[in-house]
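Participant: Here's the feature list from TrEMBL:
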type     : residues : note
DOMAIN   : 29-435   : domain 'Ammonium transporter AmtB-like'
TRANSMEM : 28-48    : transmembrane segment
TRANSMEM : 69-89    : transmembrane segment
TRANSMEM : 109-130  : transmembrane segment
TRANSMEM : 137-159  : transmembrane segment
TRANSMEM : 184-206  : transmembrane segment
TRANSMEM : 227-247  : transmembrane segment
TRANSMEM : 259-283  : transmembrane segment
TRANSMEM : 295-314  : transmembrane segment
TRANSMEM : 320-338  : transmembrane segment
TRANSMEM : 345-365  : transmembrane segment
TRANSMEM : 385-408  : transmembrane segment
Amino acid sequence: MASSAELLNGTLQELKTQIRGTNESLDSFFLCTMAIVVYFMQCGFAFLEAGAVRSKNTTNILIKNILDSFIGGIAYYVIGYGLAFGAPNGNPFCGSGYFAMSYLPESKFSHWFFQFVFAATAATIVSGAVAERCEFLAYITYSFIITGIVYPIVSHWAWDGDIGWLSIGIKAQNGSLVSTYHDFAGSGVVHVTGGCAAFVAAAILGPRIGRFDDETKKPLDIRGHSVPLASLGGFILFFGFFAFNGGSQLSISNSGDGSVVAIAMVNTILSGSVAAFATLLLGRIRGPHWSLLQTINGGLAGMVAICAGCDVVYPWGACIIGFFAAISYTCWSMLLLALKIDDPLDAVAVHYGGGLWGVIAVAFLHRSRGIVMTFDQQSGLDLAVQLVGVLAITAWSGGVSIIVFGILRLLKVFRVSREYEIKGLDFPKHGEMAYPLTAYGHGWKEDNAVPEIGASEMLPEVAINYDRFNHMKQHHHNGVPNYAMENMTAM
């Protein structure tokens with residue numbers, strides 16, 4: 001007969017097993033929930049980019065954003081996760097197991113899902129930089145490569161425990177000083193990777209027709225067709241960043257997890273808020289208007305910048321990061337124009353500019369060992385490691401992108417024809433216009449309206465504008481670019 005002590009011990013062991021199982025379930029649920037919110041950021045990117053392009057290319061940009069997640073799902077399943085977190089024979093450069101989720105324990109499925117939505121985000125960054133002129137098959141090709149190869153290897157370097165070379169870090173003074181690359185939610189891993197690829201892609205692809213004056217080479221505005229759509233996309237991305245940064249804790253069951261998640265989310269909104277407001281003021285200083293779209297991009301740059309250190313900086317440090325993120329975004333945006341590189345979404349300025357500064361900022365504003373707090377050898381070594389990390393990511397992403405996009409250009413499959421670019425990609429590429437003219441109007445007569453029954457029954461001033469519209473539409477369909485018409489019909 002078992003003694004009371006044995007019964008008590010058995011009960012305690014059973015309780016420990018149940019608690020362990022409950023904690024694992026909580027962590028999986030937490031990761032899946034955060035991943036679903038981050039996945040919704042694809043919708044934010046889609047709306048932001050759709051609003052920033054002309055109406056004739058809306059369907060094209062939307063299908064590319066949708067395919068980022070689906071192509072990314074296939075690429076990350078087949079090869080990406082294995083290169084990022086493959087076990088047990090991984091090396092400092094890449095993983096070597098779990099390809100096609102082979103032998104991946106079910107307890108890691110939530111981790112796979114969370115890491116996948118990050119990979120899809122890195123690929124989506126590029127779509128904005130090549131909008132309105134990139135061939136569809138070329139887009140599918142580079143989306144697969146970024147999601148399946150480029151990004152996973154970077155994430156292995158920084159996030160695969162004690163295996164990746166950046167997570168191993170650098171030792172100095174006979175091991176008395178140890179520093180590892182710190183990038184909590186991906187300022188470098190996600191945003192510098194995607195931003196660098198976007199820079200290379202936009203540079204090799206070339207600017208859109210009409211973006212720079214043929215004689216003076218000065219930039220000319222090409223307006224997007226829907227500020228409300230872009231604003232909605234921006235709000236969705238702001239919302240998603242809370243899960244993007246907070247979820248990077250990867251667990252919620254351990255002591256202190258909740259505090260880290262809360263700190264990350266608070267710092268995210270503070271950095272984004274300061275960056276948005278500072279960008280608004282900088283734009284007003286540089287020009288006569290209070291720009292909504294620049295403010296949205298500034299807020300995004302601030303949230304990108306805080307990703308790296310959102311778990312280790314004080315709230316006031318997050319405000320500083322946000323302020324300089326606005327300056328970084330503005331400077332990178334101006335630099336690209338000076339280089340005659342056309343980036344319709346300012347994706348490079350937001351993601352590379354914000355991410356680069358965010359990685360470096362950790363070494364200065366880390367609350368326990370930053371240069372601002374403790375100016376010593378340890379903080380100096382931390383800065384060196386952060387710089388090595390971001391430069392290595394830039395070299396890897398940029399190098400592979402030069403090869404991929406260079407080959408696509410040499411094969412003449414990277415850019416659409418001049419005719420397609422002028423007339424729009426929605427109809428010839430997809431057969432689905434986002435705003436078909438035949439879908440507007442009705443058979444009833446309205447005051448000050450354009451009914452389908454003809455111009456003869458319109459008010460005189462409406463009839464004049466209607467005739468003018470038809471005249472310009474005829475010229476547009478004959479292949480003659482008419483930017484006045486685009487301003488009139490940007491719907």
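Every residue gets a Cβ built from N, Cα and C, even glycine.
Where the annotation comes from TrEMBL, it is an automatic prediction and has not been curated.
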Participant: Of the stretches 28-48, 109-130, 137-159, 259-283, 320-338, which racks up the most C-beta pairs under 8 Å with the transmembrane segment (184-206)?
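Facilitator: Per the Cβ under 8 Å count, 109-130.
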Participant: Could you name the stretch, out of 69-89, 109-130, 137-159, 259-283, 295-314, with the greatest number of CB pairs under 8 A to the transmembrane segment (385-408)?
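Facilitator: The stretch with the most contacts is 137-159.
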Participant: Determine which recorded stretch among 28-48, 69-89, 109-130, 137-159, 259-283 has the most C-beta pairs below 8 angstroms with the transmembrane segment (227-247).
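Facilitator: Ranking 28-48, 69-89, 109-130, 137-159, 259-283 by Cβ pairs under 8 Å to the transmembrane segment (227-247) puts 28-48 first.
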Participant: Using a threshold of three or more Cβ pairs below 8 Å, and leaving out pairs closer than 6 in sequence, do the transmembrane segment (345-365) and the transmembrane segment (137-159) count as in contact?
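Facilitator: Between the transmembrane segment (345-365) and the transmembrane segment (137-159), which are separate recorded stretches, there is no contact, as judged by 3 or more close Cβ pairs.
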Participant: May I ask which of the stretches 28-48, 109-130, 259-283, 345-365 has the most CB pairs under 8 A with the transmembrane segment (69-89)?
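Facilitator: Looking only at 28-48, 109-130, 259-283, 345-365, the most contacts with the transmembrane segment (69-89) come from 109-130.
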Participant: Any residues 6+ beyond the ends of the transmembrane segment (345-365) with a Cβ under 8 Å from its own?
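Facilitator: Distal contacts: 48-49, 52, 125-126, 128-129, 131, 182-183, 186-188, 190-192, 194-196, 198-199, 202, 275, 297, 300-309, 312-314, 317, 320-321, 324-325, 328-333, 336, 371-372, 379, 382-383, 385-387, 389-390.
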